[in-house]
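Scroll down for the structure; my scribbles are underneath it.
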Amino acid sequence: MAILCYSLQKNWTTITANKQMEVTQKILVYPDELKFNGNFMTGTAIDIQTGQREAIMMSFKSPQMLKNIDKLTTPSIWLINGQLKPIIPRTNENQFDNLTYNHHRRICNQVQINRVEQMVRQKRGIVGWCHTLRKRISLYFETLPPPLSTYCQQLIIGSSNEDSAELMVSIKRLGLLHLFCISGMHIVLFTDLLRRLLVHLWWRKESIDLFLIIILPFYLLVGGGATSLIRATIMAELGLLHRYLNLDSLDGWALSLLIGLVIDPLLLLTLGGQLSYLLSFILQVLPESVRGFKQSLLLNLISLPSLLSYVYEVHLLSFGVSYLIIPLFSTVVFPAVLVGALSFKLFEPRAYLINAGLKCFQYILNWLSDFPGMIHFGKPPLILALLLFAASLFVISQETSLKSWKILALLYVITGGIIHFPLNGEVTFVDIGQGDSIIIREPFNRRVTMIDTGGKLNFKKPDWATSKHSQDDAQRITINYLKSKGIRQIDNICLTHHDADHIGYLTTILDNIAVKRLIVPAGMERQPALLNKVRTAEKSSPMIIPVTDNVKLSSFPLQILHPFVPGEGKNEDSLVLAGKFGGKRFLFTGDLDQENEEKVIQKYPQLKSDILKAGHHGSKTASSYLFLQTVAPKYAIISAGRFNRYRHPDEITIKNFQRLNINYLSTQQFGMIQYVYHGRNGKIKTTLRGDETSWTLPNYLHN
């Protein structure tokens, strides 16, 4: 079976585009698979010619076009013009991997749609009918008041709406994510409800079982087809067929796993797959005597290594909250959501009463999630995660043995110590798009310093086109990376100047990580843009320290070389910082222009660097030939976004590097770039090999 799964996966992954190309093609679109956020649409479709699933995206230029497509309820075939391109893999360590995620869904290419030339309704088969039903149900749920609307979308059809992101914040913090993913509990409740209804209609047991066997695969499609739902549906089907198949519960679990692996050979490499099959297995093998709080504790314990490997943190309350919330959820919340969904048009007062109850439930979850007790554990190394999992299994098998609990506790202490007090240090250039963000982490996490946060220019859009829910790159990339390293506090954030691509994500950083000091070029501390970002942050109020080159700060690993006098925080006022890490001299110049670069080397004629952060994203306005010749770096690191409108880095800058035999690495090509060191020795590591995104690069950048 393992060989078969591997063979299926190997054969499938060969159908992949290797460059961007203009295409005109016909695609089959199911309306329930389209998601809208402002004027931007994402979803999946099937290429009519090849039969291959593709990720699609489109930006709408008019609200009418958006409305027309949003209200589609039937499958349709579109004739489109656009760009077919490969899906870019994760470009930062521990970032969400969109490529792997899409591979799980049998998708290996994406299409940016420019125009929809034609749209023809497709004849509906059984599958099309299920997608139509799901879309119609979703449109009905959108008419319900929040949060009832959100709960119905999430719990009944496995979909999400604009309010889902806010709902899921507290759910994730409390470790209750499995409650809001349609899974075994929901299938049991759903089948139990149907069974009770059919019994009242005088159906015989055999007829009810047959009806459920037929109806469950349809609900699998209507419910969204998530991993947990696939497993739950297969196990429910096997349970209904047990009299014919003569399978016990463990045989049913094993068979459902084999079927799941045929559907998705990478199933057990996902958090959803691990938790779904792992927890259902433990429920099968736990003795009848283990119930209540003890069962909840053991289930949390066995899932903890997987959770820490993907979300890096756990709330202490999650162990007790899950014990209290799960019975309430299954006996009150889920049935109430079903009643609210069914009765809204028939008896609105009851539905509004249920909605008020859901608001109270949500308030309690938010209140609990804000309690102190969040442990920023970090990501365990793979070998230690496997040891923790094995030790957790041993504890479950020897639950009364105090020694086994001590061994498990010791393993967690050792793992936490390795994460929080690493022997090595690092200088990390984050791939944050068209912006700068650098993290300097000293050995034992003694000090953590960040240079710039990255950011984007936000252009004003009309209300209909404005994103209703979004997570910026700092949240998805930088915060995620810091949490994976167990970092709870940043000692210094140096903001080189006030441009949005350098300080735009400051509020996000301050809202998620404790920050002691903000170090800015003198004069920038009075800029309204900076002050507004600090004031609007809810969780950190750092001290703002303006500096020039004659300021020396305590507990600061860098030397300040510029500015010489107070300015306004413009490019020409950029902080220039130098430091030595792992035996290498580093130089960071922000967006300093060539004229001021030359002033720096005039004042510091002995200035040298082994690794230079190329100024202004490799623009020709920085990194002059004279400056590069004087500083004589061995490596230049360029931080720039793919397909950026400024065409950074400039070809002139690259030619200067080549003429002076300076090795250059760009985040466009290599993703996150790290210098990892121990003592006076270190090496450069990159997240990408360099060929994965070569199709996005200008010809002169290939090295």
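Here the Cβ of each residue, glycine as well, is placed from N, Cα and C on the backbone.
Note that the structure is predicted; figures quoted are calculated from it, not measured.
According to TrEMBL, the feature transmembrane segment maps to 176-198, 210-234, 254-283, 295-312, 324-344, 380-397, 404-423. Positions annotated as domain 'Metallo-beta-lactamase' by TrEMBL: 434-642.
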- Query: Among the recorded stretches 176-198, 254-283, 380-397, 404-423, which has the greatest number of Cβ pairs closer than 8 Å to the transmembrane segment (295-312)?
  - Reply: 380-397
- Report yes or no: does the transmembrane segment (176-198) come within contact of the transmembrane segment (324-344), defined as 3 or more CB pairs under 8 Å with a sequence separation of 6 or more? yes
- Report, as numbers and ranges, every residue of the chain located at least six residues beyond the transmembrane segment (404-423) whose Cβ falls under 8 Å of a Cβ in that stretch; write 'none' if there are none. 301, 377-381, 384, 387-388, 391-392, 394-395, 398, 443-445, 485-486, 678
- So what's the average pLDDT for the domain 'Metallo-beta-lactamase' (434-642)? 94
